[in-house]
Amino acid sequence: MHQISKEPVHSDSGKKNFSIAFGLERIGLIALRAPRTAAVVLLALCVIAVFGIQRIKIDDSLSQLFRSDTPEYKQYEEVTKRFPSSEYDVLVVVEGKSLLERSSLEKLRDLVTDLQLVDGTRGIISLFSARQPPEGGRLPAALFPETLPEGAAYDAFIKRVKENEVIKGKLLSEDGTLALIVLALDPKIVGNKGLNATIGEVRKLMSEDLADTGLNSQLSGVPVMQLEIRNAVERDGLTYNIAGILAGCIIAIIFFRRISFMIVAAFPPLLAILLSIGTLGWLGFSLNMFLNVMTPLIMVISFADSMQLTFAARDRLIAGEDKFTAFRNAVLVVGPACVLTHGTAALSFLALQFSDSDLIRTFGEAGLMATVIALLAVLSLVPVFGVLLVRKENLLATKVKGADRGVEALRTFCAFIAKRMVGHPGLFSLIALLVVLGLGIIYASLEPRYRLADQVPDKQQAVEASSRLDAKLTGANPIDVLIEFPKGKSLYDPETLDTIAAVHSIIEKQAGVGNVWSIETLRRWLAEKAGR
């Protein structure tokens, strides 16, 4: 066993070097004292982390994106508790020029009937829910008869359907080419993995029932967006991690040209991600789109530091140092820069704790924790892997002599940049300041966007269906107006109905409002058609 020198690295003048990281880099030397024991501890931690990863849940809640302590969000939460239906409504959008043809309507009615039988559904609203005006004091009859008329009678019937005030512009577009079906799901289904099966069954029925009609059918709504977000989070997490592993290994093998150095450089960042995600799982964090971004961010920072440590140790091995001394000195020389890199990232995550958004604060907490774990992993595992895996270090200088062109080219390029920067510090500082100011101005001009559809991955069906609703039914993103009754007042009191009518009239006169739907809509329809 080699004896690890406990003397610090000295400068040419013989004075002790000052650590800009206040000696925090020496944490990496603890594992170097007993590398085999450290490897066993690492293996145990990895096993524990794997179990932690299995505990992680996917947070696909769209409302979570906007959670905060503001009065507006608290009011939204209260409305959602009282009227939860919009959180669980699947919007089935059916579109086509042949929508109101007799055969198409029959197929569409079959679809509506079948959708009511899907497990996890609570109710359904469609144009087939519409009623005719009441006659003779009797209950309003269904607008769509059991058997659809034919010929001229069918044309007159379609005219009545298009003119029906209850569904026109709400469940049926005014040009008669788009229909909306609102399918209410059981909240228990939306909150678990059963949502995937339910949405899959709905898609299957749409495909089967509307076959050969020429109609295009799509799904939208909060549950569908949640499912697409959940699938995207799982897919992106896998993609990011696999891409990171491959990129790290390829870069390391290109520069170091030895499997042992590739493992030393590439594996600590990967294990840092494993340990970080496992820790988040044990602490009850849920993966979402924000935390998915954290994984490649931490991996890039950690991989850069790991490469620097490995590069420094390799240079010392080529210079003739034994592997224990080489990796120890690499930690002492490069380690402070690694601490500053991770420390800067940690401060950025810490600053997010001052945000009003609960989601951003959670992202900051997870990022801070992952940064600390990544720093400890890189500082500890690079030297441990180095002393355990590097063999015949005394022959390294002979083997790489004259064959290190890639590294030498990179060294020459970096020296060129450093020489120019040091030679004109004022000029480059001014350029950097101007760039920061320019980017700051661009950032300040960004317009905040809060549409739920913007949070769903691009090119997904829910986004396209939502845009069709925006175009044909004057908006897929309604604004809910809450009217609370005074104590002792009911919905049918004249004062209550007058208040609803007044609010309805005010809103429908507002610029940008395409459609208003309330009890007043039904009252006006009854007053017009039945004289009530």
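Using N, Cα and C of the backbone, Cβ positions are placed for all residues, glycine too.
Keep in mind that what you see is a predicted model, and the values were worked out from it rather than measured.
Among the features that TrEMBL reports, transmembrane segment is placed at 34-53 (among others).
Away from its own ends, the transmembrane segment (238-256) comes close to residues 262, 265-266, 269-270, 273, 292, 295-296, 299-300, 303, 307, 310-311, 314, 406-407, 410 of its chain (Cβ-Cβ under 8 Å, at least six residues beyond either end). Here TrEMBL flags 238-256 (among others) as transmembrane segment.
The domain 'SSD' annotation in TrEMBL covers 258-388.
According to TrEMBL, the feature transmembrane segment maps to 263-283 (among others).
Residues or ranges marked as transmembrane segment in TrEMBL: 289-309 (among others). Within the same chain, residues 229, 232-233, 236-237, 240-241, 243-244, 248, 251-252, 255, 264-266, 268-270, 272-273, 276-277, 280, 327, 330-331, 334-335, 337-338, 341-342, 345, 359-360, 362-363, 366-367, 370-371, 374-375, 377-379, 382-383, 455 sit at least 6 positions outside the transmembrane segment (289-309) and bring their C-beta atoms closer than 8 Å to a C-beta of that stretch.
Only residues 6 or more beyond the boundaries of the transmembrane segment (330-354), in the same chain, are considered here, and those with a CB under 8 A from a CB of the stretch are 8-9, 17, 19-21, 24-26, 28-29, 32, 297-298, 301-302, 304-305, 308-310, 312-313, 316, 360-361, 363-365, 367-368, 371-372, 374-375, 378-379, 382-383. Per TrEMBL, transmembrane segment is recorded for 330-354 (among others).
Within its own chain, the transmembrane segment (366-390) is flanked in space by residues 25, 27-32, 35-36, 38-39, 42, 260-261, 263-265, 267-269, 271-273, 275-277, 279-280, 283, 285, 291, 294, 297-298, 301-302, 305-306, 309-310, 313, 317, 323-324, 326-328, 330-331, 335, 338-339, 342, 345-346, 348-350, 352, which lie at least six positions past its ends and keep a Cβ under 8 Å from the stretch. What TrEMBL records for 366-390 (among others) is transmembrane segment.
TrEMBL lists 427-446 (among others) with the feature transmembrane segment. Within the chain carrying the transmembrane segment (427-446), a Cβ under 8 angstroms from the stretch's Cβ atoms is held by residues 420-421, all 6 or more beyond its ends.
Long-range contacts of the transmembrane segment (34-53) within its own chain (CB-CB distance under 8 A, at least 6 residues past either end) are made by residues 271, 274-275, 277-282, 380-381, 383-384, 387-388.
Residue counts of the domain 'SSD' (258-388) by helix, strand and coil are 117 helix, 3 strand, 11 coil (DSSP-based). Taken together, the residues of the domain 'SSD' (258-388) have an average pLDDT of 87.
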